[in-house]
């Protein structure tokens with residue numbers, strides 16, 4: 001007969017009241033998590049492979065079992081959550097059942113060592129603790145058999161409480177104790193390694209309070225789920241096979257492999273948010289508002305043990321929810337925790353510290369910011385741990401700088417391309433026309449790109465000095481027409497190279513003094529010229545790069561973003577838009593983020609040229625991206641993402657006294673880091689800042705984002 005003190009349940013609930021004391025520094029709701037679940041002493045059996053049905057295996061030669069390693073979903077998740085929350089003032093309380101054996105002492109100590117509150121756990125005199133027997137291969141794969149022990153048989157008082165509560169939900173004494181259990185609790189974590197009635201009792205009472213998140217790990221015992229319980233859970237967390245199993249239990253399709261379809265099937269039956277872990281494919285969240293978020297996995301060089309990866313992932317996700325991180329940040333945080341865990345043996349021993357997870361998040365950002373050449377057209381999101389959604393080019397003429405660092409001649413565009421091919425992360429080349437095409441044919445240029453493993457990004461107009469009085473604004477009609485034909489020739493060159501864009505920047509279309517030109521006439525000349533080019537090459541995007549002033553022209557006909565948008569409106573061609581240069585926007589006294597928002601709103605942002613500068617005396621410095629204005633660089637990336645920019649990134653910088661290869665690689669790392677920082681900003685927090693015009697809040701948000709770069 002099972003023996004348990006009759007006061008156990010009352011002590012359990014009243015003790016939990018004492019644990020709900022942690023409140024964060026801001027005075028908001030406490031970061032307190034209650035974990036209800038299993039505790040196992042795991043035995044690891046080192047084998048060459050996972051045994052198949054009917055097969056007997058021996059351990060690897062010279063290897064012994066590793067015994068009494070703390071584990072079990074509940075224990076692992078509680079320890080993992082505590083190690084992540086405790087450094088920021090959070091707390092974790094654990095509800096579980098210990099047996100009466102040496103393993104129970106080891107398991108309890110592992111929780112206490114991680115600062116998990118175990119005062120409300122029960123000990124049973126004549127039940128053994130739960131145990132797991134784990135087959136563990138040299139490649140890190142695991143397969144386990146679990147003996148429930150006290151996890152299965154130690155909940156009789158809870159079963160009695162469930163029976164009473166199920167009959168009379170107004171049972172005052174029990175309701176009061178459960179209120180104490182859940183007081184000041186932010187989130188409850190449940191698993192399927194304890195009886196279902198335990199989960200249902202806790203979830204039902206938590207749902208009645210309305211301010212406690214209930215997270216159900218679907219892993220554990222192979223069993224269905226009650227529809228009422230489904231509705232009470234804010235988050236379901238299965239892996240792919242568990243998701244399919246759960247869908248089948250509700251009469252869903254047998255062989256559906258589409259995560260979004262399966263998730264929506266469950267949502268139609270009352271489920272809310274469904275977060276699916278997918279191993280090396282990452283994880284996918286299908287939210288109750290229809291949002292679908294994918295988080296790529298982190299590449300691991302050597303996997304030692306996968307036992308606790310899922311539990312660490314789930315615990316980290318829940319702690320991030322308690323810290324009010326965005327859902328994308330929660331998934332990123334969870335992915336980093338899971339990646340840390342596979343590098344150590346054992347479930348509980350592999351739980352990472354907060355510092356380790358922070359380091360892994362940062363390291364992953366750096367790794368994602370280095371190489372990775374996009375495939376296909378290079379414009380869409382590619383997925384995978386190191387993907388980046390844009391082709392990246394850099395100023396070809398900068399390859400002429402510091403020739404002593406290059407083994408070979410640098411007197412020909414072929415050599416410039418060859419030098420650019422050594423830049424890690426560079427994926428495309430923007431050519432100047434006609435400057436870069438005096439010594440080779442279109443076919444030779446295309447062959448050079450192919451040999452270098454690069455693509456053509458755009459062809460950029462550089463009108464020769466014969467147009468010093470103006471290109472499309474020249475007072476001589478014949479020269480104006482010649483400039484138009486030269487622009488069309490550039491479009492043909494782009495077409496031959498497989499590029500989709502011609503960038504038009506004229507150093508000469510403007511004036512120096514008042515009364516020097518007829519402004520309306522010059523404007524109309526450009527409108528007509530641009531229309532002619534667009535109509536001649538409808539498959540090529542013509543993109544104007546404006547500039548406010550230059551050593552060649554003090555006032556340009558198109559001097560600002562606003563004027564450029566007016567030009568776009570009057571030209572009125574689908575293939576006519578703008579390229580925005582950061583330095584030019586700064587010279588115009590503009591905030592680049594706002595300018596990008598304006599042009600993106602109109603759907604006319606065809607290209608961006610990235611750099612930075614001090615802009616003293618209207619100088620165009622062409623410094624490395626984000627080197628002078630990091631907060632602006634962050635907002636540039638945010639606005640490009642927000643406006644769904646689909647062009648490529650180009651660095652219009654002037655290394656001159658620096659190694660141009662190193663300079664380009666630095667730019668590439670920086671732009672990717674800024675992009676990922678902008679992608680991971682807390683959208684809810686940003687909205688609150690913007691709604692309140694909160695200047696200090698905006699600066700604090702920027703500070704938090706830049707710390708991760």
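A Cβ is built for glycine as well, from the same backbone N, Cα and C atoms used for every other residue.
Bear in mind that the values here come from a model prediction, so they are computed numbers and not experimental data.
ATP is bound by 277, 278, 279, 280, 281, 282, 310, 311 in TrEMBL, and the record lists one more residue there from 239, 255, which is 239. Substrate binding, as stated in TrEMBL, involves 40, 41, 42, 311; the candidate among 157, 159, 193 given for that site is 193. Checked against residue 305 (K(+) binding site) by C-alpha proximity, the binding-site residues 41, 278, 311 yield 311 as the nearest.
Rounded to a whole number, the C-alpha distance linking residue 282 (ATP binding site) with residue 311 (substrate binding site) is 15 angstrom. Using residue 42 (substrate binding site) as the reference Cα, a 10 A cut-off selects 346 from the binding-site residues 239, 278, 346. In this view, the densest Cβ surroundings among the binding-site residues 193, 280, 341 belong to 341, judged by other Cβ atoms lying within 10 Å. Reduced to three states, the DSSP call for residue 278 (ATP binding site) is coil.
A straight line from the CA of residue 40 (substrate binding site) to the CA of residue 346 (K(+) binding site) spans 11 Å.
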